[in-house]
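Chemist: Just lifted these from Swiss-Prot, have a look:
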TRANSMEM  13-33  transmembrane segment
TRANSMEM  43-63  transmembrane segment
TRANSMEM  82-102  transmembrane segment
TRANSMEM  141-161  transmembrane segment
TRANSMEM  185-205  transmembrane segment
TRANSMEM  217-237  transmembrane segment
TRANSMEM  298-318  transmembrane segment
TRANSMEM  339-359  transmembrane segment
Amino acid sequence: MSTEKSLLANAAGGSLVLQIFVGIIAGVALAGFSPEAANQVAFLGDLFVGALKAIAPVLVFVLVASSIANQVSGAQTNMRPIILLYLVGTFAAALTAVLMSFAFPTSLVLIDAAAGANPPEGIGQVLNTLLFKLVDNPVNALINANYIGLLAWGVGLGIALRHASTSTKNMLHDVSHGVSQLVRFVICLAPIGIFGLVAATIAQTGFEALAAYAQLLGVLLGAMAVIAFVVNPLIVFLKIRRNPYPLVFKCLRESGVTAFFTRSSAANIPVNMALCERLKLHEDTYSVSIPLGATINMAGAAITITVLTLAAVHTLGIEVDLATALLLSVIAAVSACGASGVAGGSLLLIPLACSLFGISNDIAMQVVAVGFTIGVIQDSAETALNSSTDVLFTAAACEAAERKA
């Protein structure tokens, strides 16, 4: 009996990762035992994701403004190398997806087109949407969680307050600290929230619908695994010149797991901010790089766009040469960086990539519908890769800067 109490005490008071693991097991068990009961606890997951999404825009705006307003003159923020890592990582992901698609060609059973979807007409429209998000009304940006706009206004307000009185800067810092405390409280609810998410997902899908797309999922998840465990560690090693895997596994464990179940990079911003704080990274850096990464660091999206497009190409018997494949990698990488500016994310950028091969919009939308069918796995894995990489590259750039100093 005392042993059981000890185990329960360790689970309740131990690491958040262990508590989340217990929540996952409990969710799977409940869904297997009683799907009806599992559906009844779905609201726990919705509440958790809703709380994260609610606090994230406020956190980003206040933290960015506070960090820049209180920044010491001449301090290094390391943003240039982080942005370069984001872009290199996204392009490498698209290239890896091309190689995986050629190595394991996949045919699709095309289904009805995704009803009501409204994909962008071209890369210009994607970039145009992003540009207008930059000058969005700040109140509207807060309400709609427009992180591009929040970053722009946060940076602008921070710069404007650089020469404000000390009391004003202290007030801004105190507000930032208060919001961070709220975030910590919400993150403590992760095990309960993930329990609800897992139970509801398994009860509602059962994963039977995914069996017909086993090979497609294999290529998608295989490409994401190569990026997470081979390419990203290689990039980080070149940056920090030491074994990257302890950092890689920490980011996947403490950021990727939560992102996998929330399926939202925006909702995972507070989790990533808290992880950066535990890693003792520069607040001036991660307060900007993490929300920026949630917007433009889209390795998972690049893989999804590339793999599904090449699956459609293979299904239709279209020949693809090396030059076209490389061009697809570039288009997928650029499109992925704009995925946050498109309702529906990476899946609705597939018609844009399909147009490179002359595939009609009707067929492209059937490919999108396939994407929605496997979304319970694809979207979760994509978000986990995207979000954990934000912290990984931020930490790598900060460590590299410290090593040079």
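Just so you know, glycine gets a Cβ as well, placed from its N, Cα and C.
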Chemist: Cβ pairs under 8 Å with the transmembrane segment (141-161): which stretch of 43-63, 185-205, 217-237 has the most?
Modeler: 43-63
Chemist: Ranking 82-102, 185-205, 217-237 by Cβ pairs under 8 Å to the transmembrane segment (43-63), which is first?
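Modeler: Per the Cβ count, the answer is 185-205.
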Chemist: Within the same chain, where does the transmembrane segment (185-205) have neighbours whose Cβ lies under 8 angstroms from its own Cβ atoms, ignoring anything closer than 6 residues to its ends? I mean 6 or more beyond.
Modeler: 16, 19-20, 22-24, 26-28, 30-32, 35-39, 41-49, 51-52, 55, 258, 261-262, 270-271, 274, 376
